[in-house]
């Protein structure tokens, strides 16, 4: 009579270490991903999400290069002459202004401008349900606006089809960055970022400090040329004007920078944004019921303090936070299931039965 015996196969007898089957089970845990890695907007992140830039940030190096080159030429050609004939304070003042300009520019470019996170699927479905519930059967499609009162004035909130939410007051969707930005002012290609609620103070300090820096260099250049011309006439020295090529750049840039600083000073004093001013949102030309800025404090000093000196609001996108396990992308989930399947097959192969024949 033949008896069937089932024997456990020893992994050591096969010449394969038992530990070789462990890596398949260790691969089941996927790598935790940060939120910036799956961010839906058109932004670039660096230093593990600590730095955020717009995708079209190619003009930022040009801006930084113009500032650095102009300043270096000033320190190399004008400062030695002015230190000898006037005072040593000139390069010190120029250096302080230069550092302030560069720091303000980098803060504007690398700071979250106030991006609002997009609505989650459950939130978007709830908003859609509210929209269709509020609409009447005689009106299709239902209205995509809401009306709220701010300082006894009606303000309309528009629905964003990309972010699936009603935009808060003074919020606009940037088509270049593909984000809704709180207190959106404008998208500035020179700084490579949107200008909004969280970085407007840095942008304003950048253009104001750049105005002072450019004016200071221009004044020193004029003084240098005046003293040099006096020496040429009095001492009959020969001097070639070709050694001052950056004077022309400084002359033409000072007027545009001063004009931009003056315009934004007016906006700060009125508590307006560039977007609101261009659209004429609170202009009296739109009618009596739409006229008047509901956000102004009717005081230039208070408007300036509220815009520039208020507390820095926190970033809402939490770009360095980790994704919850439920939000694992489909590809990662499929890899996880495949690893589990392979691990089970390996375990079954080790424990499979074997039959023997005995007489």
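Note that the numbers count up from 1, one per residue, in the order the chain is shown.
Backbone N, Cα and C atoms are what each Cβ position is placed from, and that goes for glycine too.
TrEMBL: automatically predicted annotations, no manual curation.
Remember, it's a predicted structure, so these values are computed and weren't measured experimentally.
Range with TrEMBL annotation transmembrane segment, chosen from 127-151, 152-176, 177-201, 202-226, is 202-226.
Looking at the stretches 6-29, 30-53, 246-269, the one that TrEMBL records under the feature transmembrane segment is 246-269. According to DSSP, the domain 'Palmitoyltransferase DHHC' (156-279) comprises 70 helix, 19 strand, 35 coil. The list of residues near the transmembrane segment (202-226) in space but at least 6 beyond its ends in sequence, with Cβ under 8 angstroms from a Cβ of it, reads 67, 70-71, 74, 78-79, 81-82, 86, 90, 93-94, 97-98, 100-101, 104-105, 107-108, 111, 185, 188, 191, 195, 244, 247, 250-251, 253-254, 257-258, 260-261, 264-265, 268, 307-308.
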